[in-house]
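Per TrEMBL, these features apply:
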DOMAIN    B:8-192  domain 'Survival protein SurE-like phosphatase/nucleotidase'
BINDING   B:ASP13, B:ASP14, B:SER44, B:ASN101  divalent metal cation binding site
There are 2 protein chains.
Amino acid sequence: MKKQKPTILVVNDDGITAPGIKALINVMKELGRVVVVAPDSPQSGMGHAITIGKPLRLDQVEIYADTEMYRCSGTPADCVKMAKSIIFKGSKPDLCVSGINHGLNNSINVLYSGTLSAAVEGAIEGIPSIGFSLDDYTLQANFEPCLKYIKNIAEQVLTNGLPPATLLNVNFPNKADLKGVKICRQAHAKWAEEFDERVDPHGRPYYWLTGVFELNDNGEDTDVWALENNYVSVVPVQFDMTAHHAIPLLNNWVFTN
Amino acid sequence: MKKQKPTILVVNDDGITAPGIKALINVMKELGRVVVVAPDSPQSGMGHAITIGKPLRLDQVEIYADTEMYRCSGTPADCVKMAKSIIFKGSKPDLCVSGINHGLNNSINVLYSGTLSAAVEGAIEGIPSIGFSLDDYTLQANFEPCLKYIKNIAEQVLTNGLPPATLLNVNFPNKADLKGVKICRQAHAKWAEEFDERVDPHGRPYYWLTGVFELNDNGEDTDVWALENNYVSVVPVQFDMTAHHAIPLLNNWVFTN
């Protein structure tokens, strides 16, 4: 760990008043100076959305004692961008942590998750970044069993750094007796959507997105396997989305000129 | 190509009335049966957002003659999910094309782009998918030079398919004299944000996101290089975000139990 007290940016996607961010703030205060920038409303499922078509607000607020906090009218990725440009003014925090999300962000959920996208945005900015999520969607979620792992993982990232252009996606099963940490890969899976069709009072249909998680992966090296077996899953995530292995194949195609 | 006329899902992020989707619809009509599902309003920068906290609308509309079209109140990724579940009812289109976007989606923009995220969503569903974007943000963009390439690339994907869990990100320079297609990797780059601070009529500050594209990559195998040299860039994209190369390193860390 650095000799100076590290500066830690805390963000989330459930909004600045979510219990999960409060739990994360309290752990991070044991490690350094904390600055919180979080959405003013829940932003679950926002993925890596950024706000282009309308302006943003950023206001300092007092919620928890002795905590520097800002609420942002934008998305989780906007929070990181505004923190960097407006609060840190180009200097970089030593760590960016996102969460603790109320609900899992394992496997394919990394794409849909505002929590993870905030951490991806941190990593794009060259800040060592980690997303934390617990398998409990309720506001009554018990984060207590996660806290010692979160502190340990954050300490290790502060000490060792992370490989370039890489962040960590950490998920916790909703269990008291966690068996430790497993380094994993993202399981192959998707959501099988089922839209719940209803009719409004004016006779027009509307649809709620629902779905069933469909696992297509029997590997024992995946985050899904680790979570099912009571481990904390840690997936290193990159934001180079190039399918490098497909380049030679495509080079054999004959394109028009 | 299949003997039966293929079914082609057309989506975008600029909204169902954008000139870019009209151009794409017209090319796809030469190749098969077209079904359009597009957002009812512009959704640029929505990334892979999906709509969880509120219900969605999906209404069939008549805009262009002899074209099956639906406007969706959600994000580009929602459009693909609704098309699959409600319109195709579990059967799959043979191809999903997204665009033509008004503006580039090369390099790191793949993460922020609604256009590309719609194509990613198609690929997650096992549909061969392609995102198309032109380097012109205006509504007056001239898509004409792109059209023969779009037709050719779509034909090849219909004929050859794509490797599993892979889609194509195709970008066009805004030039009349295109030099052909280059298969590329995503260039390492980021946006250096500058928030434009203004004051509203009530004396409160607000911020517009602006930024400068910052290239950190001298490779001649990148999409940025190809576009600067008047080539059509084609990047194969995957949605496994695991940084597989970082797993051995993390396995050397000692975690708490």
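Just so it is clear, glycine is given a Cβ too, placed from its N, Cα and C backbone atoms.
Each of the binding-site residues B:ASP13, B:ASP14 was assessed for Cβ neighbours inside 10 Å, and the highest tally belongs to B:ASP13. A count of other CB atoms within 10 A of each Cβ picks out B:ASN101 as the most crowded of the binding-site residues B:SER44, B:ASN101.
Using a Cβ-Cβ cut-off of under 8 Å to chain A, the binding-site residues B:ASP13, B:SER44, B:ASN101 reduce to B:SER44. In three-state terms derived from DSSP, B:ASN101 (divalent metal cation binding site) belongs to an extended strand segment.
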